[in-house]
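**Student:** Dumping the structure here so I can ask a few things about it.
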Ligand SMILES: C[S@@+](CC[C@H](N)C(=O)[O-])C[C@H]1O[C@@H](n2cnc3c(N)ncnc32)[C@H](O)[C@@H]1O
């Protein structure tokens, strides 16, 4: 399964800043800053303070970027911070890079994988993991590295199976470990 | 012509210089402090049995004993980035601070950009610009793997870089700015300094290329000075030994823009030589001696050139 958030190659479009709240919304269906932050808090139990300095932007319908600084709105550039989330669809989908960056201290929906499972996950394999008793949907997959839990990426858990969404370009980074 | 013969007279020990240029370089990684600490990165390498040795001048720059960097867990997690040892110098000279506005004029594939982001604690506005879209895509990939979130990716010719996208002449608009605190010009160049990694650069070298790329370098460095705040910093770096692409470029810009070349603190334990004031029939401003040349035999690295400029108030 592809991670559209990471593989998107639309260059040079405009980035529009997310409205802070629904009252400030001009473009219909554009999520608000509050909704985006709350989604991360709700889904992964992370501290909303993590996003305090961030501005949030939409490029193309539903592709949300987080930028740790201030620039003019709108802005026409090739990239602005990090692609973190795909919205405007029933289940919002986080990106691999965002989960690695922001979910180190996640308290919810983190599935901890054994060394063998972690390697298979990063290689892009889907795995039957019936022991998971938590929510279905998008999870942070993690493993232990240097004595602590470290997020690997995003898995989609459905019917006892964890599907890897690690993008192709990231899968190759571990080939020789297999 | 082997260009190294052309530059050998500039160095203190010609034989050691030519001999070092023949040896291949070890694989070197920089620890990415946006995603981890130096201690944890080292622990992860230890756990995997990857042998490394820290450089004696920077605890976060590690020489790997045999493996290439892209095949282990800390690399997958963006804890490490493969970057030639000597190429860590320009960011150190630039001395970026959290929250500043910084422009990396020739940024792709982003080794120095991502190092600058880490030194800014990933806060502020860092513009990573390159005129080559293909290379820019590599920059974006590296930045995302390393977890950088303060980067604006831009695709302009740095020689006539426009500040329009950033709100030039609309000072009332929130987030707008017209000038940078610091700018890095890591210029395209003849690259003989990378011959230990890529010996082909020596066969491809021509005097015509030196002349044409020097024109581009002058244009980019002038623009860099023009968009930097009074009192701000511009760093100019290349991986060539050619004075035409180094001291001559500085001398040209000194005459035309309001700036000076200042000394910068090279890390302890790292050997460098001063910029030169005479080459063939040309003489350069004496302040170019503040620039630092790095020859491969001095620290067993690639070759390099780094100068720090201060824009006048
Ligand atoms: C030495 S490389 C930069 C390496 C990069 N700073 C790093 O550390 O990974 C020089 C870059 O300058 C770019 N370049 C060449 N001419 C340019 C111009 N006129 N404007 C902007 N970028 C240019 C090239 O595409 C190339 O990527």
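Just so it is clear, glycine is given a Cβ too, placed from its N, Cα and C backbone atoms.
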**Student:** Which one, B:56, B:157, B:203, is listed by TrEMBL in the same S-adenosyl-L-methionine site as B:106, B:107, B:108, B:109, B:110, B:111, B:112, B:130, B:186?
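**Tutor:** TrEMBL names B:157 for this S-adenosyl-L-methionine site.
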**Student:** Identify, in sequence order, the residues in the chain of residue B:110 (S-adenosyl-L-methionine binding site) that are 6 or more apart from it along the sequence and have a CB within less than 8 Å of its CB; answer 'none' if there are none.
**Tutor:** B:128, B:138, B:139, B:142, B:143
**Student:** Could you measure between residue B:239 (active site, nucleophile) and residue B:108 (S-adenosyl-L-methionine binding site) for me? Cα positions, answer in whole angstrom.
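**Tutor:** Here the two Cα atoms are 15 Å apart.
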**Student:** Counting only residues 6+ apart in the same chain, whose Cβ is under 8 Å from the Cβ of residue B:112 (S-adenosyl-L-methionine binding site)?
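**Tutor:** Looking at Cβ-Cβ distances below 8 Å from residue B:112 (S-adenosyl-L-methionine binding site), excluding near sequence neighbours, one finds B:87, B:90, B:91, B:104, B:184, B:186.
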**Student:** Among B:106, B:107, B:108, B:109, B:110, B:111, B:112, B:130, B:157, B:186, recorded S-adenosyl-L-methionine binders, what is the largest CA to CA distance in Å?
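**Tutor:** Max Cα-Cα spread across the S-adenosyl-L-methionine binders: 20 Å.
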**Student:** How would DSSP class residue B:112 (S-adenosyl-L-methionine binding site) in three states?
**Tutor:** helix
